[in-house]
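As written in Swiss-Prot, here are the features:
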type	residues	note
REGION	84-131	region 'Disordered'
MOD_RES	Ser95	phosphoserine
COMPBIAS	110-131	compositional bias 'Polar residues'
REGION	124-244	region 'Interaction with BLM'
REGION	131-230	region 'Winged helix domain (WHD)'
REGION	229-259	region 'Disordered'
DOMAIN	270-372	domain 'ERCC4'
ACT_SITE	Asp274	active site
ACT_SITE	Glu277	active site
ACT_SITE	Asp307	active site
Amino acid sequence: MAEPVRLGRKRPLPVCPNPLFVRWLTEWRDEAASRGRHTRFVFQKALRSLQRYPLPLRSGKEAKILQHFGDRLCRMLDEKLKQHLASGGDHAPSSPSGKKGASKGPPEQVQDSSMPVPTQPQAGSTSVGYWPAQNSGAREILLQLYREHLNSDGHSFLTKEELLQKCAQKTPRVVPGSSKPWPALRSLLHRNLILGTHRPARYALTPEGLELAQKLAEAEGLSTRHAGFRPEEHHGEDSAVPEALSEPGTTEGAVQQRPLELRPSEYRVLLCVDIGETRGAGHRPEMLRELQRLRVPHTVRKLHVGDFVWVAQETRPRDPERPGELVLDHIVERKRLDDLCSSIIDGRFREQKFRLKRCGLGHRVYLVEEHGSVHNLSLPESTLLQAVTNTQVIDGFFVKRTMDIKESAGYLALLTKGLERLYQGHTLRSRPWGAPGAAESEAKPSTNPLCSLLTFSDFNAEAVKNKAQSVREVFARQLMQVRGLSGEKAAAVVDRYSTPASLLAAYDACATAKEQEMLLSTIKCGRLQRNLGPALSRTLYQLYCSHSPLS
């Protein structure tokens, strides 16, 4: 007699890949809820994001690829994990006790979270036996993500734009346009070697991809020393260095590029015109015609900040298609009066000045060009005059007013000739982004030009407006939308409270509503270190603590 068919579950329920992190986030959420703090919402969002993530995490740093995980929360997880292991914990956050395939080594031997962790490939994985070809797009993607993983100052992920930019430096033939599909990226996603999260997508290595990338790096002789990075060293809480809002870190491209040195006879001064200045209806724009008439050597490019910059271009380069270029320490932003009026109304005026201050160049020129009658504009003449005056007196820009486009072109021609004379006979050298340079030239006026300059690629890459931003940077931009809150004031607030969550926690710790209103009033701002003041402090309190619609 045949045995009866036994119906049952064919697949076991999936085991939680990160039980410790889930448990700790749940505890923190419940504790915040019991105290009535707003941080419970932060922990709840992070918990949901973690529960949807199917792969194991070996440190809090790795959790940064997930949504709602900021620097502070990742540090909290790492500190909690360190305490757990120090108290005799017998497994990592991604290896629940009793789970098959748990690490067999002694519990005391815990690898550094910033170093590659080799894992066994899963059964049935499509990545088993896969080895990307030399100079292929897939190989370069894995290596670039591996470098980012080793970078202690990085995020352990890259966006598609960042991947395209970095891979184009090594294998330009296999890199498509930014709007086109990338077969190599799709193949790695299909093989479960990389993981895509967020929108726009962020790509990071999976454990299988990390193991393969480590083998590729060893095959190419790439190590943490050759990559220009060092593994993260854990020295307790003192190792956490707060980020500065106005001091962007050194880019990977700046680390990898060989130093560029241009001797006096090896370069020429060239004016770079933003492509936005060249748009015309069926004819070449007047600005380019005037520059050609004045015989100003120039080129048209996409500039992410400013309208005109000058570069020292190599005259006898090794690669004629890619000559070395160093950006001289001057930048010009051109505004017609009608454009100035509209930019003040829609908020671009303050944002553009803030980005110009952070572009890495010390001498900033604001070129204001007359256009038609002032009485036909949306703002009164006194408002425009006040804005221009503030730009010179408060922001420290050099303001130049011209009558028309011909006079503007003539001024650019004079600047070009002046820079040629200024740098004549000087040897120019490249410097990485963030190294001392422009700040020194501003602090100590001198007749000698700044000869330690940014490369054009570094300058333009760091000036990208819509690049991936940290919570700190987005918080600062949000603060700057408040009327009366300048970039310097926003930076001062963010230096004290780096995220909205930390600000809300500070509000929760206040005993009375009056104390909450005055919480930010004594924050020191700007070079004169003046207080933020009660009015702005009250406005920010109403913005972040009001449960009803703002009036």
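For all residues, glycine too, the Cβ spot is worked out from N, Cα and C.
Annotated features taken from Swiss-Prot, shown on the structure.
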residue : record      : Cβ neighbours (10 Å)
Asp274  : active site : 19
Glu277  : active site : 17
Asp307  : active site : 19
*Find the average pLDDT over the region 'Winged helix domain (WHD)' (131-230) in the predicted model and report it.*
76
*Can you grab the distance from Asp274 (active site) over to Asp307 (active site)? Cα atoms, rounded to a whole Å.*
5
_When DSSP is mapped onto helix/strand/coil, what comes out for Asp274 (active site)?_
strand
*How many Å lie between the Cα of Glu277 (active site) and the Cα of Asp307 (active site)?*
7
